[in-house]
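Asks: Below is the structure I would like to discuss, written out as structure tokens.
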Amino acid sequence: KVYERCELAAAMKRLGLDNYRGYSLGNWVCAAKYESNFNTQATNRNTDGSTDYGILEINSRWWCNDGKTPGAKNVCGIPCSVLLRSDITEAVKCAKRIVSDGNGMNAWVAWRNRCKGTDVSRWIRGCRL
């Protein structure tokens, strides 16, 4: 599923991401934009053999199990396939675990490079939330 910007913002808000660990909703919407272009089915292969999955491009080396990543940890305790569902509940649950890990949203390269330090409120502007 490819979400509309405001549709995604509303879903993320409903699932408790607004100000989760101090990160406003705009940060999460911005991260999703630049990680997956709001597409739940996005996947990207990394040079280390791991793969990033879903709307927030969650990595199989640490966070989920795809059955093909050497030395995978599966900290979120989920198959990576659930991160590709239209329903983002599991992706959000895992993202909460990731952002609680010490590096905050710096875990997402696209967030660090394109959202951090910018006016992320623009990502939720005009949305009925």
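Glycine residues also receive a Cβ, built from the backbone N, Cα and C atoms like all the rest.
Grabbed the feature section from Swiss-Prot, which reads as follows:
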DOMAIN    1-129  domain 'C-type lysozyme'
DISULFID  CYS6-CYS127  disulfide bond
DISULFID  CYS30-CYS115  disulfide bond
ACT_SITE  GLU35  active site
ACT_SITE  ASP52  active site
DISULFID  CYS64-CYS80  disulfide bond
DISULFID  CYS76-CYS94  disulfide bond
Asks: Around the C-beta of CYS6 (disulfide bond), how many further C-beta atoms are within 10 angstroms, looking at every protein chain?
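Replies: Counting Cβ neighbours of CYS6 (disulfide bond) within 10 Å gives 16.
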Asks: Helix, strand, coil: count each for the residues of the domain 'C-type lysozyme' (1-129), based on DSSP.
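Replies: For that range the per-state counts are 52 helix, 14 strand, 63 coil.
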Asks: Report, as a single number, how many Cβ atoms besides its own are within 10 Å of the Cβ of CYS115 (disulfide bond).
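Replies: Around CYS115 (disulfide bond), other Cβ atoms within 10 Å: 24.
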Asks: Within its own chain, what residues at least 6 apart in sequence put their Cβ under 8 Å from the Cβ of CYS80 (disulfide bond), listed in sequence order?
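Replies: Correct list: THR51, TYR53, ILE58, SER60, CYS64, ASN65, ASP66.
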Asks: Work through the disulfide-bonded residues one by one (CYS64, CYS76, CYS94, CYS127) and point out the residue whose CB has the fewest other CB atoms within 10 angstroms.
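Replies: Fewest other Cβ atoms within 10 Å, among the disulfide-bonded residues CYS64, CYS76, CYS94, CYS127, is found for CYS127.
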Asks: Between C-alpha atoms, which of these recorded positions comes nearest to CYS94 (disulfide bond): CYS6, CYS30, GLU35, CYS115, CYS127?
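Replies: Comparing Cα positions, the closest of these recorded positions turns out to be GLU35.
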Asks: Between CYS30 (disulfide bond) and CYS6 (disulfide bond), what is the CA-CA distance rounded to a whole number of Å?
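Replies: Approximately 11 Å lies between the Cα of CYS30 (disulfide bond) and that of CYS6 (disulfide bond).
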Asks: Averaged over the domain 'C-type lysozyme' (1-129), what pLDDT does the predicted model reach?
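Replies: Mean model confidence (pLDDT) across the domain 'C-type lysozyme' (1-129) is 98.
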